[in-house]
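Quick notes on the structure that follows.
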Amino acid sequence: MSYYLNSENHLDSGPIYVRENGQLHMVNLALDDVRSSLQKPRPFRLFPKGFSVELCMNREDDTAQKEKTDHFIFTYTREGNLRYSAKSLFSLVLGFISDNVDHIDSLIGFPEQIAEKLFSAAEARQKFTEPGAGLRALQKFTEAYGSLVLCSLCLRNRYLVISEKLEEIKSFRELTCLDLSCCKLGDEHELLEHLTNEALSSVTQLRLKDNCLSDAGVRKMTAPVRVMKRGLENLSLLDLSCNPEITDAGIGYLFSFRKLNCLDISGTGLKDIKAVKHKLQTHIGLVHSKVPLKEFDHSNCKTEGWADQIVLQWERVTLEAMKPQETLESRTAAQHFYGKRARTEAPGKYPLTEAHMNSSEKLQFYKEKAADCHGPLLKHEALSSQESKKSKKRAFEEPEKEQGSSSQTSKQKYVCLAVEDWDLLNSY
């Protein structure tokens, strides 16, 4: 009986309410005249316990919420109260364009002051590190502003950045200084071929130290200058040190750089150094320096321009992508388990392969001033002419002023010959 009552109570749908004489009463069902004691009814809940109501006007992601609050500037008053003010229309428009900078058609003719602010805003949002979109955005700036975006680029020992951001690096125009030292490019690298393009004809300082170059690479680099008088025709400083595959034949290709003032060929595979010194002095007027030149100490080369911080962002992103996924502790534990020797961790930047050369072993050349150009030859001929004139004056005393003035003018004409004239005379 008790089991039956329990089962009925279990299947009971709840209390029954009856209105009688305007009052509401609860009637419990009784089975076989068994009346259960009246129990207090349990209140029904429309929602489960712990339910809370949240008013959601518009469900958006965090970026959309950030955009809504980004329109205001929050400050605190002296009393400590929070005060907000709306940003200027220029700031709002600048932020919107920088978020969509890769969709700009062209920036040619746009004011430089506004373009610099737009570039800084896009850089702060790291738009130039995005694959695809960053390259398109960077090309819009470089084709419109050239050297303002970047006039000097130092990629010394940053071979990972070159391999990952090659197209972005090739988009820079009107560079004047380019440092690619210790990047192991080789003769067939795409960037070495890009150096001969007209977009980099403005380069005046080029450093290719320790890049596994040979005579073939030097020939390829100088071909546009030798054949079509284009390419690196404005080059004034060249560093080819620590490239042992460059021989005497490769140095001969450098004679086409008529504006070259400083040259470093230390650590190359030269056979007849004395003959190379003579050829450099004869053809392009470069004299061997007995002391190291300050132009090759790498103190003046650095990245300059609007995009100087972008290169650092590229390097940081590249290094983070190259980090190993496994931790050092798990690796050492596995090595101890399998009985292997610990592997020495390679540093992020390899040391220079340059041998520690003394100052006497350095082959650095410089061009003397215009008055001292082709110094030994010019001084010798000037001294011989003066001695011959003195002997003539002693033997034939001619006190006429006209002949004296004519000899002085002829001497001035002789000294003021151009460098090309001396090269032509020395070729006979």
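The first residue you see is number 1, and the count goes up from there.
Glycine is treated like the rest: Cβ placed from N, Cα and C.
Same-chain residues lying 6+ beyond the ends of the repeat 'LRR 1' (149-170) with a Cβ under 8 Å from its Cβ atoms: 119, 128, 134-135, 138, 141-142, 176-185, 190-191, 194, 207, 298, 301-308, 311, 314-315, 318-319, 321-322, 349-350, 352. Here Swiss-Prot flags 149-170 as repeat 'LRR 1'.
On the 0 to 100 pLDDT scale, the repeat 'LRR 2' (174-195) averages 93 in this prediction. Positions annotated as repeat 'LRR 2' by Swiss-Prot: 174-195.
Residues annotated as repeat 'LRR 3' in Swiss-Prot: 202-222. Across the range of the repeat 'LRR 3' (202-222), the DSSP-based residue counts are 8 helix, 4 strand, 9 coil.
Taken from Swiss-Prot, the feature repeat 'LRR 4' applies to 234-255. DSSP places the residues of the repeat 'LRR 4' (234-255) in helix, strand and coil in these numbers: 8 helix, 4 strand, 10 coil.
According to Swiss-Prot, the repeat 'LRR 5' annotation covers 259-280. A Cβ distance under 8 Å defines the sequence-distant neighbours of the repeat 'LRR 5' (259-280), meaning residues of its chain 6+ beyond its ends; these are 209, 233-248, 250-252, 286, 288, 293, 295-296, 354-355, 357, 361-367.
Annotation source Swiss-Prot lists region 'Disordered' at 379-412.
The compositional bias 'Basic and acidic residues' annotation in Swiss-Prot covers 394-403.
Annotation source Swiss-Prot lists phosphoserine at SER406 (among others), citing similarity to another entry.
Among the features that Swiss-Prot reports, phosphoserine is placed at SER407 (among others).
Sequence-distant contacts of the repeat 'LRR 4' (234-255) (same chain, six or more residues past either end, CB-CB distance under 8 Å): 181, 201-215, 218-219, 221-222, 226, 261-272, 275-276, 279-280, 283-284, 295-296, 352-354, 363.
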